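A.B. asks: The structure is given below, and queries will be raised subsequently.
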Amino acid sequence: MTEIDKILNDMIDAARQAGALTLEHFKRFRDLEIGIKGPGDFVSDADRDSETLIRNHLLSRYPGWSLTGEEFPPTEGENQDYRFLVDPIDGTTNFLNGQHYTITISLRHGRQTLCGLIYNPVSDEMFTAIQGGGAFLNGERLQVSQSQDVALMAVGTGLPTPNLSLHPGAYARLDAIRAPIGGVRIVGSAANSCAYVACGRLTGYFEETGFGDTAAGILMVLEAGGVVTDWWGRGPEYYEATGAMIVANPATHAYLIEQLKDVPQKNP
Ligand code: LIP
């Protein structure tokens, strides 16, 4: 077992434990106390408990490493080179309404994502990826959809919370994007949307969202043979900073670039 396999296994243990914990809250979603961070941006004890568990699990095994999570200030360890990115519940609005959500963790080394996971506790699906080592769902190797047929394209998106700065008019294009293809879907978790592209349940996904939610998913799609750029075809230095990304099989990527290329460009 390589060092990365071992770290990924520790991340998987943390996600499974956080999955069991959040499922207990999920079962009584109608009674949860909900904090409002901003318009459409919620938090509950489940998010905080999940992040605390993952933090303790990982930082006790990798003392001195850094960790950025969604609910607490980042932990800046002595080792700034290795950083875990954690979204303890991605799809909080889904979660609070009793719908599928995910837990996502990735390990960054400088600007590289070494490995990552996306765990859906409701369906017990564990998506994993290692840089150069492939993408997997519950141990089965993944490949993006091989379809090139525009009429069959299934494109995921999300409507980000209003506190994210949106490209003016970008989502007004949904009608045009929808017209010739099979359909547009809102999965409700950015990480899960990426996982769906990696395993072929969606042919592509675009959104403007936080990189912590999608770092594992981006690696997963790349390892499954997909393409990842920002909306104007640019590389990681752009989509990591602005969060405007397309993750897709090659044909859907080309289609979405064509649809989004006239949106005014956003630079880091
Ligand atoms: C949210 C995603 C949602 C997306 C938002 C945001 P949170 O994350 O799950 O699908 O549309 O832009 O990224 O706040 O639930 O962790």
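Note that Cβ sites are derived from N, Cα and C of the backbone, with glycine treated the same way.
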A.B. asks: Based on TrEMBL, name the residue from Asp175, Asp213, Asp230 that is recorded for the same Mg(2+) 1 site as Glu70, Asp87, Ile89.
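C.D. replies: According to TrEMBL, the candidate sharing the Mg(2+) 1 site with Glu70, Asp87, Ile89 is Asp213.
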A.B. asks: I want to verify one value. Collapsing DSSP to three states, which class is Asp87 (Mg(2+) 1 binding site)?
C.D. replies: strand
A.B. asks: Would you mind listing, in sequence order, the residues at least six apart from Asp213 (Mg(2+) 1 binding site) in the same chain with a Cβ closer than 8 Å to its Cβ?
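C.D. replies: In sequence order, Asp87, Asp90, Thr104, Ser189, Ala190, Ala191 meet the Cβ cut-off.
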A.B. asks: DSSP on Asp213 (Mg(2+) 1 binding site), three-state: which is it?
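C.D. replies: The three-state answer is helix.
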A.B. asks: How many other Cβ atoms sit within 10 Å of the Cβ of Asp90 (Mg(2+) 2 binding site)?
C.D. replies: 31
A.B. asks: Relative to the Cβ of Ile89 (Mg(2+) 1 binding site), which residues of the same chain, six or more apart in sequence, are found under 8 Å away?
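C.D. replies: Non-local contacts for Ile89 (Mg(2+) 1 binding site): Thr22, Ala46, Asp47, Ser50, Phe95, Tyr101, Thr102, Ile103.
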